[in-house]
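Asker: Below: one structure in structure tokens.
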Amino acid sequence: MEHKRNTLLIVDNDHITLMALHSFLSKALPDFDLLPPADGGDKAIQRCTGAFDPPQVLLIDMSMSGINGPMAIRAIRRENRDIRMLAMTSFTLEDYAREAAEAGAQGIISKNDVQHMADALQAVADDRLWDGGAKVAFDDAATAYKRVKAERKNDLSAREIEAVNAWCRGMTAARIAESMDVSENTVRTYLARASEKLGCASRKELISTWLRLRSR
């Protein structure tokens, strides 16, 4: 029987880092198929929860602008129980390890720990966990999915996050609908649900509230 190869998606909004990691890991992980990388949390959510075939393994930066790593990880985990996610950071692991674990990742690694990057990705691909020495307990993908899925009902869904983020960038409902491949009415529904969940009385308040939450 032919061994099924793992697919890997790398996510970082630093283009140089993204290209360097993609080049390095394509050689360090010959049994993995590296997918075209994503340069933002919103694109990671779209690739992992939308119409695309989701990757089996995700390597994602924690401190991206816009939709950051924890937000993207949680949004993806709420809708996918199979993707193994490894967070990465250029800061000390203790700064982000607990947040990554709570969001639903299976491990975390320093961007500077290049010599263990491939081992960490292979570990999470094999349903093992990787704390990088941070001494934080991570859940396997299925356990994390159940936990995140059971969180507060007022958390935004992945598609609601995508719509609100686009709205905050000044996109019209028509443009958002086109980018998400849904109807304008569906976009308005996403925005209305998000407003209700966040307790916002207007779209203007939704923008200010979302930008404030995103900056935390």
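Glycine residues also receive a Cβ, built from the backbone N, Cα and C atoms like all the rest.
A TrEMBL annotation is a machine prediction, not a hand-curated record.
Worth saying up front: this structure is predicted, and the values here are computed from it rather than measured.
Got these off TrEMBL a minute ago, pasting:
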type	residues	note
DOMAIN	7-126	domain 'Response regulatory'
DOMAIN	149-214	domain 'HTH luxR-type'
MOD_RES	Asp61	4-aspartylphosphate
Asker: Which of the three DSSP-derived classes (helix, strand, coil) applies to Asp61 (4-aspartylphosphate)?
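Answerer: Reduced to three states, the DSSP call for Asp61 (4-aspartylphosphate) is strand.
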Asker: Once the chains shown are all counted, how many other Cβ atoms turn up within 10 Å of the Cβ of the residue listed as '4-aspartylphosphate'?
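Answerer: Excluding its own Cβ, the residue listed as '4-aspartylphosphate' sees 25 Cβ atoms within 10 Å.
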